[in-house]
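**Student:** Sharing a structure with you now.
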Amino acid sequence: MPHPYPALTPEQKKELADIAHRIVAPGKGILAADESTGSIAKRLQSIGTENTEENRRFYRQLLLTADDRVNPCIGGVILFHETLYQKADDGRPFPQVIKSKGGVVGIKVDKGVVPLAGTNGETTTQGLDGLSERCAQYKKDGADFAKWRCVLKIGEHTPSSLAIMENANVLARYASICQQNGIVPIVEPEILPDGDHDLKRCQYVTEKVLAAVYKALSDHHVYLEGTLLKPNMVTPGHACTQKFSNEEIAMATVTALRRTVPPAVPGVTFLSGGQSEEEASINLNAINKCPLLKPWALTFSYGRALQASALKAWGGKKENLKAAQEEYIKRALANSLACQGKYTPSGQSGAAASESLFISNHAY
């Protein structure tokens, strides 16, 4: 067994751990506002709004400048490259706006999924080339954490061991590079909800994928206390005819995490995976009420599940700004309660709260 070559100094480790804990402080989660230009185009199209840089800026500003009621709810915001360099109407750069509200600035650093030859339509994620230099620059420009998404599909013969291994290794390489540059990596191995598989199959696959991810992180000497995990919840496939309760989903999810995620990891920030706004909050609440020992913060890193009602209320019209912000605040407050196991569904909900946000074969 070789001797360890220290990858990080004690000071570097402390900085990373502190950042990670700030993001997942009690009651806090993450706003994922890192949709690529192509993805935000679909959101804007859904409300009949043109995909211009100004519309994108205005919409992100709407979310980032919601009043102080969101401050105790949002520990971090993930931005797309373009957004990191945009400014609010008052001239403040967006990172400054986020920090002034007590949030940590995050940046999406992957370059999207690409086909993995020799597999049945499986993918890996590109973007390792030049990543160290980009991280160094992003750190200077105010970002303290990053996100990298890998995607796996459940099918008769998927995910293959090749896809699991390759994606685990690419996540570990990314995480290691981020930490060298003072950036906390969010590790996102998303298992898509496409398919007719049941809850048990999703749980089994989730366990295998997470076990591989943490083995790779160990092999690459990644400092776990300075990372976060962004997994899917364990849910049945969208085409599964059998219905499962929120408690069953919570139990399967927490069981899978307990079997695979070391307690050194400070927090698990679930992706919403096309669940409706309300469903994402109810499931997160059930996960936090699950009667098993949970050594990590279990919170949210939601995109559509925080934004859908706000987007609809805005409708691309400046005069709807306040109404849209109210919808966003409503979801932020709901999820802040849910990550503490204190959410009671109100029945009254936002403009799009119960609409399914599922997109088949979702690519950002």
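Glycine is no exception: its Cβ is also placed from the backbone N, Cα and C atoms.
I grabbed these lines from Swiss-Prot:
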- TYR5: phosphotyrosine (MOD_RES)
- THR9: phosphothreonine (MOD_RES)
- SER39: phosphoserine (MOD_RES)
- LYS42: N6-acetyllysine (MOD_RES)
- LYS42: SUMO1 cross-link (CROSSLNK)
- LYS42: SUMO2 cross-link (CROSSLNK)
- ARG43, SER272, GLY273, GLY274, SER301, ARG304: beta-D-fructose 1,6-bisphosphate binding site (BINDING)
- LYS99: N6-(2-hydroxyisobutyryl)lysine (MOD_RES)
- LYS108: N6-acetyllysine (MOD_RES)
- LYS111: N6-acetyllysine (MOD_RES)
- LYS111: N6-malonyllysine (MOD_RES)
- SER132: phosphoserine (MOD_RES)
- LYS147: N6-(2-hydroxyisobutyryl)lysine (MOD_RES)
- GLU188: active site, proton acceptor (ACT_SITE)
- LYS230: active site, schiff-base intermediate with dihydroxyacetone-P (ACT_SITE)
- SER272: phosphoserine (MOD_RES)
- LYS312: N6-malonyllysine (MOD_RES)
**Student:** By CA distance, which of the recorded positions (TYR5, LYS99, LYS111, ARG304) lies nearest to SER39 (phosphoserine)?
**Tutor:** ARG304
**Student:** What is the nearest of the recorded positions LYS108, LYS147, GLU188, LYS312 to SER272 (beta-D-fructose 1,6-bisphosphate binding site), using the Cα of each?
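**Tutor:** Closest by Cα distance to SER272 (beta-D-fructose 1,6-bisphosphate binding site) among the recorded positions LYS108, LYS147, GLU188, LYS312: GLU188.
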**Student:** Radius 10 Å, atoms counted are CB only; among the recorded positions THR9, SER39, SER132, SER272, SER301, which position scores highest?
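**Tutor:** Going through THR9, SER39, SER132, SER272, SER301 one by one, the largest Cβ count within 10 Å is at SER301.
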**Student:** Any idea what the Cα distance is from THR9 (phosphothreonine) over to LYS230 (active site, schiff-base intermediate with dihydroxyacetone-P), rounded to a whole Å?
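**Tutor:** With the alpha carbons as reference points, the distance is 26 Å.
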**Student:** Tell me the Cα distance separating GLY274 (beta-D-fructose 1,6-bisphosphate binding site) from LYS111 (N6-acetyllysine), rounded to the nearest angstrom.
**Tutor:** 21
**Student:** Just the number: how many Å between the Cα atoms of GLY274 (beta-D-fructose 1,6-bisphosphate binding site) and LYS312 (N6-malonyllysine)?
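**Tutor:** Roughly 16 Å, rounded to the nearest whole number.
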**Student:** What does DSSP assign ARG304 (beta-D-fructose 1,6-bisphosphate binding site), in three states?
**Tutor:** helix
**Student:** For GLU188 (active site, proton acceptor), find which of the recorded positions TYR5, ARG43, SER132, LYS147, ARG304, LYS312 come within 10 Å, Cα to Cα.
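**Tutor:** Qualifying among TYR5, ARG43, SER132, LYS147, ARG304, LYS312: LYS147.
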**Student:** Between any two of ARG43, SER272, GLY273, GLY274, SER301, ARG304, the residues recorded as binding beta-D-fructose 1,6-bisphosphate, what is the biggest Cα to Cα distance in Å?
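**Tutor:** Answer in Å: the longest Cα-Cα distance is 18.
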**Student:** CA-CA, which of the modified residues LYS99, LYS108, SER132 lies nearest ARG43 (beta-D-fructose 1,6-bisphosphate binding site)?
**Tutor:** LYS108
